[in-house]
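Student: Questions regarding the structure given below will be posed in turn.
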Ligand SMILES: CC(=O)Nc1ccn([C@H]2C[C@H](O)[C@@H](CO)O2)c(=O)n1
């Protein structure tokens, strides 16, 4: 079965240990709704590694990212800003998807 959302493999350990509780995505992945349960897979092969429940989806401009966002990503703000500009260069509107992990698969 295909995942509903994927993550780079390097972030999986932080999700599975509940250190990472948000992800920041662009418009294409802003359609999730609070309460929705998502199968989470690896970006490189789509293997599912856990299930999460969406808590909220909130718009954010890249320039408005804070230390609080970084803490929830288990990164420094500088690291988060670097990751975002690598994945979403030039995007002006992003979305913070907050989640809680339900299951390890
Ligand atoms: C397709 C795609 O966009 N995949 C992504 C996007 C983001 N992430 C991670 C990287 C950071 O930890 C946050 C913020 O974007 O989410 C990802 O793993 N895969």
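Note that Cβ sites are derived from N, Cα and C of the backbone, with glycine treated the same way.
Pulled these features from TrEMBL for this protein:
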ACT_SITE  20  active site, proton acceptor
ACT_SITE  23  active site, nucleophile
ACT_SITE  73  active site, proton donor
DOMAIN    5-103  domain 'ASCH'
Student: What is the pLDDT of the domain 'ASCH' (5-103) when averaged and given as a whole number?
Tutor: 97
Student: In which DSSP state, out of helix, strand and coil, do we find residue 73 (active site, proton donor)?
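Tutor: Residue 73 (active site, proton donor) sits in a helix per DSSP.
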Student: Looking only at the domain 'ASCH' (5-103), what are its DSSP counts of helix, strand and coil residues?
Tutor: 32 helix, 36 strand, 31 coil
Student: If you measure residue 20 (active site, proton acceptor) to residue 73 (active site, proton donor) at Cα, how many Å is it?
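Tutor: Residue 20 (active site, proton acceptor) and residue 73 (active site, proton donor) have their Cα atoms 5 Å apart.
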